[in-house]
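Copied over from TrEMBL, here are the features:
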DOMAIN    A:779-871  domain 'DYW'
REPEAT    A:162-196  repeat 'PPR'
REPEAT    A:232-266  repeat 'PPR'
REPEAT    A:365-399  repeat 'PPR'
REPEAT    A:462-496  repeat 'PPR'
REPEAT    A:564-598  repeat 'PPR'
DNA sequence: ATAGGGTTAG
């Protein structure tokens with residue numbers, strides 16, 4: 001009912017009374033009507049309000065007390081209502097059932113369990129406890145004050161019950177999050193031959209919505225139709241909400257379309273449904289329709305639409321809504337302001353988000369603080385986020401579980417141990433959100449074991465928690481741990497989602513995973529229809545590429561229905577690793593033609609494709625293009641690629657020029673790249689500079705010492721070589737052991753250089769012996785420059801022939817039928833001598849041999865390698 | 001109204 005309050009005169013009031021069929025204005029009438037009409041306007045002190053009449057009244061009777069009590073309770077002045085009730089009780093007036101019901105509602109709203117219990121006693125004393133309405137109100141009060149046990153007890157003791165009593169209990173269960181009990185009780189209503197009313201149905205539908213089980217949703221809809229209340233507005237509103245929450249947005253829309261009378265809740269329900277289901281454009285279409293229908297916009301509609309702008313990163317529309325919200329006087333609602341802050345944060349407009357936050361000074365709460373902190377974190381402004389987190393505590397706002405799960409992503413600007421301690425104190429550790437964020441923080445600092453302990457402590461592990469743990473193992477290269485997590489979650493009946501698959505497939509790209517495992521997860525993703533999710537298919541492209549199966553990688557890429565930057569980058573890098581430079585560049589040109597967004601990683605792929613294909617000029621051209629045309633600032637990785645490009649082509653001086661002209665000092669990776677090239681090219685002069693720089697940056701890195709001493713050895717400078725060796729011993733630097741892996745019949749076998757422990761060692765060594773004789777017959781001379789140890793030539797040859805990749809290949813030749821391709825994975829780079837030997841083996845044994853070393857793939861066939869001896 | 005996990009390079 002809308003009217004301008006200031007113009008409401010006695011006359012108007014008379015008119016209203018006439019509408020209600022009353023001829024005269026008795027005192028009681030005035031009291032009861034005014035309290036009803038003025039109850040929704042708390043700050044109003046109209047001369048006709050019950051409050052005024054009450055004050056002026058010469059003798060106060062129970063009806064006046066009651067009228068004012070109702071007015072207070074309806075206008076959310078619950079404390080005043082409770083005081084008035086105490087006065088009423090003290091005055092010795094007898095109370096009736098409706099008074100008790102009213103005050104019980106007040107107790108519920110105030111969460112005042114103690115006062116509620118007192119009223120309960122008074123109801124017993126006055127005998128009104130037998131009254132159905134009072135009993136029902138008692139149930140409601142207990143449920144609202146979270147005393148589910150007493151609520152149920154009162155209900156059970158009630159002599160007579162009606163639908164409202166059942167509904168009160170039902171609503172109580174639902175409000176306390178006891179969704180399963182709510183559903184059970186709903187079945188009992190039928191057993192007791194009570195007919196549910198629209199409120200009963202709306203409550204149960206809400207409980208079903210929270211559980212999100214589609215089958216239950218269909219069942220409840222059937223019950224609604226049977227009850228005959230299917231067209232009732234509040235029932236339809238709940239159904240719309242339920243279907244949206246279960247992801248069945250089309251069913252929600254069907255309900256919406258069928259409705260004869262739509263309220264503001266209906267429109268908002270539909271709009272909010274579209275937003276939560278990611279159909280933001282449909283939400284806006286609905287908004288447009290709502291406007292055409294002449295419906296008034298309420299505050300939740302704006303909140304939903306602003307959220308939609310955040311999802312779409314639609315800044316200009318967010319600003320328009322901001323204006324509209326201010327114009328319609330809704331700019332002061334907390335939820336609107338928070339939604340606006342989130343939208344501005346998502347559009348990288350942190351200044352605007354912060355402006356809203358600072359304007360709220362004095363009324364800021366945990367939610368607003370968390371929103372602004374989260375905004376800074378998402379925009380990578382970690383220092384400011386941490387600063388605000390500290391300030392928040394100083395201003396006496398206690399962080400909640402949202403805040404903790406957010407701030408834990410502020411690595412490395414926070415001490416996770418400190419935050420962990422706070423989390424334990426506040427008992428948030430067991431919550432899946434906080435636990436997951438904590439676990440991830442430990443993974444990112446390299447503490448996988450601690451992360452696993454935290455994971456175990458999480459109470460009800462959801463799919464996000466499981467996926468985070470799985471990703472943790474995958475990121476640390478622990479394939480087995482990752483796969484085990486997947487098997488465990490499947491066993492517990494948890495449904496993996498696209499993130500779970502992308503992580504487990506990523507784990508299967510590791511050197512110790514079997515190729516078969518990756519394929520199986522691919523199959524499983526197809527079964528669950530998640531294979532087409534972008535993150536899954538991109539992970540598949542990389543997995544197949546890293547497993548040496550570039551054809552399958554390309555096949556997955558070609559079948560991608562839509563692509564994003566990562567998809568394109570994955571394919572470019574895949575081709576680059578497989579030395580298919582031309583194909584990598586073709587993909588890149590396709591991207592250019594379509595004018596797609598590119599980033600620094602795209603160019604790392606492109607330049608490394610040029611490097612592996614020996615296209616020096618092209619590499620330089622792409623680097624220049626990146627800086628000049630795409631305005632991408634080159635990072636250390638890019639310079640590393642450029643140094644690689646020139647030094648592999650033997651242009652070591654040019655590589656040094658790159659290093660000297662870099663805008664920042666070269667890092668270890670850059671020097672290591674240069675050093676490796678000097679090793680291949682036997683360039684002592686540049687090699688010395690590279691090694692010295694690398695050693696000063698990473699004194700514990702064995703590669704620097706090993707490569708440098710090898711360069712000295714190659715130059716026959718044994719004295720200098722001995723100095724390097726001595727330095728290595730003094731600093732206790734251990735050479736990284738060379739490992740190779742081979743997969744035969746779904747089992748992975750690993751070999752260490754000079755390994756004698758393998759059960760088939762004897763046969764492997766005799767196979768190597770046999771091969772070495774045949775190689776010598778073909779005129780092969782071992783290149784002993786690749787041996788570090790200062791020993792006799794003959795022994796050096798023996799060391800060489802025991803490199804792990806040769807053991808693995810010999811094993812492969814023995815255990816697989818002739819003609820079977822052999823695939824090896826190695827943790828270090830393959831040495832020059834092994835490279836020549838493997839070429840010859842592929843010829844004399846007529847085998848296709850694929851070696852993936854730490855750097856790239858080598859496809860050996862008929863005596864040649866795909867890298868063209870250029871690596 | 002606020003929250004946690006993922007895919008690309010090296």
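Heads up, the Cβ atoms here are built off N, Cα and C, so glycines get one too.
TrEMBL labels come from automatic prediction, so no person has curated them.
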Spatial neighbours of the repeat 'PPR' (A:162-196) far in sequence, C-beta under 8 Å, 6+ residues away:
132-133, 135-137, 139-140, 142-144, 146, 148, 151-152, 155, 203-204, 206-208, 210-211, 216, 223, 227, 229
Under DSSP, the repeat 'PPR' (A:365-399) has how many residues in helix, strand and coil?
26 helix, 0 strand, 9 coil
Sort the residues of the repeat 'PPR' (A:462-496) into helix, strand and coil with DSSP and give the three counts.
26 helix, 0 strand, 9 coil
Overall pLDDT of the repeat 'PPR' (A:462-496), taken as the mean:
94
